[in-house]
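Participant: Okay, these came from TrEMBL:
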type: TRANSMEM; residues: B:6-26; note: transmembrane segment
type: TRANSMEM; residues: B:33-54; note: transmembrane segment
type: TRANSMEM; residues: B:60-77; note: transmembrane segment
type: TRANSMEM; residues: B:84-106; note: transmembrane segment
type: TRANSMEM; residues: B:112-132; note: transmembrane segment
type: TRANSMEM; residues: B:144-164; note: transmembrane segment
type: TRANSMEM; residues: B:170-190; note: transmembrane segment
type: TRANSMEM; residues: B:220-245; note: transmembrane segment
type: TRANSMEM; residues: B:257-282; note: transmembrane segment
type: TRANSMEM; residues: B:294-316; note: transmembrane segment
Amino acid sequence: MMPILQIKNLTKRYGGLTANNDISFDVAEGEILSVIGPNGAGKSTLFKQIASFVSVTSGEVLFRGKTISNLAPHVVARMGVVRTFQETTIFKSMTVRENIIVAHHLRSKASLLGFFLGSKLARADEAAFGKSADDIVDFLGLEAIRNELASNLPQGHLRALGMAIGLATGPTVLLLDEPFAGMNHDETMKMVASVRRLRDERGVTVMLVEHDMPAVMKISDRIVVINFGEKIAEGTPAEIQANPRVIEAYLGSEDAAIGM
Amino acid sequence: MTKTNLAGIGVFLLVVFVAVPMMIAVSGRWDFYYTLTSVALLSIGSAGVWLTFYIGRINIGQGAYALMGGYVSAVLMTKVGVSFWLTLPLAGLFCAVISVAIGLPILRLRGVYFAMITLVLTEVTRLTALALPVTNGAKGITSIPLPGALTVFGVPLIPDFATIENPKLAFYLLAVTLMVLTYAALWRIVNSRLGHLCRSLQQNEELASSIGVNTAHLRLLAYAISSFFGGIAGAVFVAISQSIYPSSFVVTDSVNFMLYCFVGGLGFVMGPMLGTFLLYFGWDLLSVAREYQLLIYSAAMIALMLVLPNGVLSLFDRREGPK
Ligand SMILES: Nc1ncnc2c1ncn2[C@@H]1O[C@H](COP(=O)(O)OP(=O)(O)OP(=O)(O)O)[C@@H](O)[C@H]1O
Ligand SMILES: [Mg+2]
């Protein structure tokens, strides 16, 4: 089967700084693939390149065999490749539910004019979005904060909301940049389960960047390791934990917590 | 829409269409017609500026579109002989098209950069009107005929303004009708998906594009609608004064449109209308203070911004989001 994403010789330079260099790997449909590496390794840059939020200096990303590099981000999102953000990125002055509803944009069948005039199609869309938003709220266990203003939420809930927004677009591939950051152990385990169910029940292919190694080892089918912008390893969690280059890279940094 | 909303709208319509004309007739203050007509037209322009605020852009260039709209209507009426009623939508459309051409490069800019360019826009438009042959330079276009009769499919809808015994009232009714239509449209925009997307843009453009919103298109659309309103307002102003000059709308007017929005409240659809009314009418009333007019006006404005940074309407409602 053709890989859903092919990352080919991806390189990004910011002036003289090489954020990542000649990275290649494939992502299979329906897999959960984690990208790990020390701070500043180039993980977020990789995700931004895949989702076309930054241009690629060289190399390309193929989605179902077609290049998606250097397109506008909303075009790539429309094709089904959607990212979430490492920084807390939500619509602050909307409620949780409003955030999720507005993120259904790609699923509208009615035109903006149709929405303005309140056409039948538009009203059907609104109803469908409301229902789907409630499903997502239930799916991620956000019932208690459904009508809470996003700016009032604690960090853990913000991460979950970021994921809910990504989910609402109906992605084929979801790129989660540090989805468990700022969550306590219980919250993380709940999210790990949610991501798993996302793949199992909805068939979404998930890529994620995470520093929480126990969570990464638990959730991933495969792992890609990046260090100083270079891919240094790729394999199953067991293979990665036993890989000497990975251990060396992690021992050289503060979080020497790869073996667990 | 709630019952209180509906009742409020009903009262508002009664006041502007019935109570105001009656009060003016009783008091004999016919000059108020001119003031209130101006308020209505200016608040159409402010509605546009407010919409650009709604996508997170500070628009200090609405005077440019009012001027353009005015000239389009004036030129079409005097040189081509088109009926005023047809020039009205054409003026709006012309401005919308021009604003797309202008917005394409500049809407990418944010904050003070966008604001500064729009500020320059009014001046550029004035200079263009001075230079172009079709606008007749500094002499402007004068002796513009009053709006003629409007007949649709043989049904006379509006009589010829030249034959009306009270054109002041007629212009007032025209202006408030357009104002009501504008704010109804604005309300629909804000409360439909288009408005939700505008809010998403205002709050986080990157996140908006990550959920598939074509942010460049959306900004252009909002700016085009905004400019359409500006053009409409300008065209009716010209019909009232029956003349237009390059200085009919200047940078001060552009700044005022923006201030009206601030004072009324950027979070409220009715904000720009209320702001326009308070500031324009207040300025007019303050003329009794003679040489202190500007001083008192400016002091009141500063006080308002200090005490109510979110606009006068925030007094009545402290919820977030659109009203
Ligand atoms: N817009 C930019 N301009 C210049 N340099 C950048 C830019 N974005 C990222 N970088 C640099 O590229 C390198 C990789 O950054 P990136 O954000 O991809 O790291 P990361 O692996 O996600 O790190 P972290 O785990 O801390 O999030 C860093 O050295 C960073 O400073
Ligand atoms: Mg990062």
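Glycine is treated like the rest: Cβ placed from N, Cα and C.
What's the neighbourhood like for these features in this structure?
Facilitator: Distant neighbours of the transmembrane segment (B:170-190): 13, 16-17, 20-21, 33, 36-37, 40-41, 43-44, 47, 50-51, 54, 147, 161, 164, 198, 225, 229, 232, 236, 239-240, 269-270, 273, 322; these residues of the same chain sit at least 6 beyond its ends, with a Cβ under 8 Å from one of its Cβ atoms.
Packing against the transmembrane segment (B:257-282) from elsewhere in the chain are residues 35-36, 38-39, 42-43, 45-50, 53-54, 58-60, 62-63, 179, 183, 186-187, 190, 297, 300-301, 304-305, 310-314, 317, 320-323: each is 6 or more residues past its ends and has a CB under 8 Å from a CB in it.
Within its own chain, the transmembrane segment (B:294-316) has Cβ neighbours under 8 Å at 259, 262-268, 270-271, 274-275, 278-279, 282-283, 286, 323, counting only residues six or more beyond its boundaries.
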Participant: Could you tell me whether the transmembrane segment (B:220-245) and the transmembrane segment (B:33-54) are in contact, taking contact to mean 3+ Cβ pairs under 8 Å with a sequence separation of 6 or more?
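Facilitator: Judged by the Cβ rule, the two regions touch, with the required three close pairs present.
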Participant: With a Cβ cut-off under 8 Å, give me the same-chain residues at least six positions beyond the ends of the transmembrane segment (B:220-245) that come close to it.
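Facilitator: Same-chain contacts beyond the flanks: 37-38, 41-42, 44-45, 47-49, 51-52, 54-55, 57, 59, 62-74, 84, 87-89, 91-100, 103-104, 107, 138-147, 171, 174-175, 178, 182, 189, 194, 198.
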